[in-house]
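For reference, the structure discussed in these notes is given below.
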Amino acid sequence: MKPKSPSKSKIQIAGFSNSNNPRLKKLVIVTLLVILILGLVTVYLIIKHRVLISEKSSSFFTVVLDCGSTGSRVNVFEWSGNGSGILPILLYSYPENVNGSNGCQYHCFQTEPGLHNFVNDSIGVRASLEPLIRYAERWVPLERHGVTPIFVLATAGMRRLRAEAARRVLGDVENLVKEHSFLHRRSWIRVLSGKEEAYYGWVALNYKFGVFGSSSKSSSLGLLDLGGSSLQVVAEGGVQVGDEHAVRSKIGPIRHDLAAYSIPEFGLNEAFDRTIVMLSHTEALRGNGGGFFEVRHPCLDWKRCEIVARAAAINSSSLEWSDQLNQSECRGLFSSGEGTAKLNLTKTLHAVSRYHALSGFFAFHNVLNLSRKANLTMMSEVGQRLCSRQWSGGNNINAQNCFRVPYLTSLLANALCLSTVEIIFGPGDVSWTLGASLVEEDFPWHRAKRSRDGTFTLKDTVVRPSTILIFVLLSSLLVIVYCCQIKLPMPGRKNVGSRTSLPSYLCPKRQPN
C-alpha cells in the first residue's frame with residue numbers, strides 16, 4: 001500500500017472546518033470576545049494612566065528661599081499650567097497656612113540669624129539654609145526635583161554688605177545648592193534690589209486677589225509691606241516718567257505704571273534701634289561731660305513711647321517736634337539718613353483707594369487681636385491697654401512690642417499720610433516670594449501648557465482620549481464580526497470560496513488480481 005500523499009491529507013480546524021459542531025464554534029467566539037474585552041480594558045487603563053501622568057506633569061513647582069535681615073525662610077509653590085489665563089494657577093503653597101485669616105504669623109519656618117551674618121562662614125551658611133532646602137525636598141516629588149527651579153533671594157540684610165562680602169556669601173550659597181538635586185542657576189542666587197522686593201510683593205498681592213485675571217484694566221491694590229529692616233510701599237498711578245521709583249509692569253495685555261518704594265531702616269527692628277541711638281544722643285547732650293549714662297527703655301512710659309515712636313516714624317531727630325504732632329497729622333516721610341529731604345509720597349499713595357498691610361503690619365495686628373479693618377485709633381487704644389497691663393505685671397507682651405504699636409500707627413498716619421485711606425491688615429499668606437515665583441525668568445509653564453480644547457501632549461503626539469476609546473471599540477467589533485465569518489483554507493488545497501467543507505477520507509486503491 002502506498003503511503004498517503006501529504007497533498008491529499010485533510011486537517012480539520014475545530015469550529016471552522018466542522019460546521020456541524022456549533023457548540024465548539026460558540027466557545028471559540030466567546031473566548032475571543034473575552035480576550036478582546038480584556039485587551040480593551042487594558043488599553044483603556046493604559047490610556048487613562050498616561051493621561052493622568054500628563055495631567056500631573058502639567059503642574060510645576062518652584063522653591064524660593066527668602067533670606068531676610070532677621071532670618072531665612074522657605075516657600076514651595078505648586079502651580080498648574082492648565083489654565084487658559086495669562087498666568088498659571090497656584091494649587092498649593094508650603095508651609096501650609098493655618099487658615100486664611102491667621103496665615104502663618106509672618107515667619108512660617110525660619111532659621112536665624114540672617115544670611116548677612118555669615119561672611120566667610122560657609123558652615124554657618126550651610127546650617128542656615130540646608131534645613132530649608134531639605135524641607136523643600138520633602139514637598140516636591142522626587143522625580144520632579146531636576147526640573148524644579150530653586151531661587152535663593154536675599155533682601156535688606158544682604159543689601160547692607162559690601163559687594164565683595166555679599167559675593168562671598170552668595171558663593172557659599174551656590175556651592176550648597178549644587179549639592180542638591182533642584183534645578184539651579186547662578187542668576188537665581190542673588191541679592192534683590194529694594195525696588196524688586198517691593199514690586200514682587202505688589203505682584204503677589206494683586207495675583208492673590210485676581211486683579212490680573214481680567215482682560216480689561218481694573219484698579220490694583222496698594223502694598224504696605226513691613227519687614228525687620230525696611231519698609232516697602234507700592235502704588236499704581238501718580239508717578240512721573242523717569243522717576244527713580246517708577247516701575248513699568250506689563251502682565252498680559254495690561255500695562256501698570258507703578259511707584260515702588262523700598263525705604264531702609266524703617267523696618268520694625270531697625271526703627272527700634274534708631275530710637276535707642278536717638279535717646280543716647282539726647283542723654284549725651286544733657287550730660288555733664290564724659291562717663292557712662294543709663295538710657296531707660298523708651299516705652300516704659302506710654303506718652304514718652306508715643307513721642308519716640310512718632311519721631312522714628314517720620315525719621316525726625318527732634319523729640320520736641322514729634323511731641324507737637326497729634327495722632328492723625330500728616331508730616332510726610334523724611335528720607336533715611338538725611339533729615340531734611342522729604343519723600344514725595346502723599347500724592348502718589350492717594351492714587352490708590354485700598355491698601356493691604358502685610359508681614360510686620362499683619363503679624364503685630366494679630367497680636368492685638370483686632371479685625372482686619374480696625375482703624376488706627378482703635379489699634380492705638382488696644383495697644384495702650386495691653387502695654388499698661390504689661391507694666392503692671394498682668395501681661396507678657398514685652399516693651400519692644402509696646403513701641404511697635406505707636407510706631408505702626410504713626411508710620412501710617414503721620415509719615416505715609418494714609419489715615420483717610422482704607423487699609424486692610426493681611427492676608428497673612430501673601431509674601432513677595434509668591435511674586436518672585438511668577439516674575440523670575442524661565443517659567444516651566446511657558447514651556448508646557450494644556451491646550452484649550454482639552455487635549456494633552458504625549459511625546460509630541462496630540463492624543464484625544466475619547467477618540468482613542470471609540471477607535472478601539474469599533475476595531476474590536478470589526479474583529480469580532482470578521483472572526484465569526486472567517487473560513488480557513490486547508491493545507492495543500494486551493495480556496496474553494498464559500499463552499500462548505502465536508503468530511504472526507506481516503507481508501508486504499510484496489511490491486512488488480
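Glycine residues also receive a Cβ, built from the backbone N, Cα and C atoms like all the rest.
Quick look at what TrEMBL lists:
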type: ACT_SITE; residues: Glu197; note: active site, proton acceptor
type: BINDING; residues: Gly228, Ser229, Ser230, Leu231, Gln232; note: ATP binding site
type: TRANSMEM; residues: 27-47; note: transmembrane segment
type: TRANSMEM; residues: 466-484; note: transmembrane segment
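For Gly228 (ATP binding site), applying a Cβ distance below 8 Å and a minimum sequence separation of six or more within one chain yields Gly68, Ser69, Thr70, Ala156, Gly267, Leu268, Asn269, Glu270, Gly360. Ranking the binding-site residues Ser229, Leu231 by other CB atoms within 10 A of the CB puts Ser229 at the bottom. Cα to Cα, Gln232 (ATP binding site) and the residue listed as 'active site, proton acceptor' are separated by 8 Å. Residues Ser69, Thr155, Ala156, Asp225, Leu226, Gly227, Ser262, Ile263, Pro264, Phe266, Gly267, Glu270, Gly360 surround the recorded ATP site, their Cβ atoms falling within 8 Å of the Cβ centroid of Gly228, Ser229, Ser230, Leu231, Gln232, which are themselves excluded. Each of the binding-site residues Ser230, Gln232 was ranked by the number of other C-beta atoms within 10 Å, and first place falls to Gln232.
Cα to Cα, Ser229 (ATP binding site) and Glu197 (active site, proton acceptor) are separated by 13 Å. Here the CA atom of Glu197 (active site, proton acceptor) lies 10 Å from the CA atom of Leu231 (ATP binding site). Note: the Cα of Glu197 (active site, proton acceptor) and the Cα of Ser230 (ATP binding site) are spaced 10 Å from each other.
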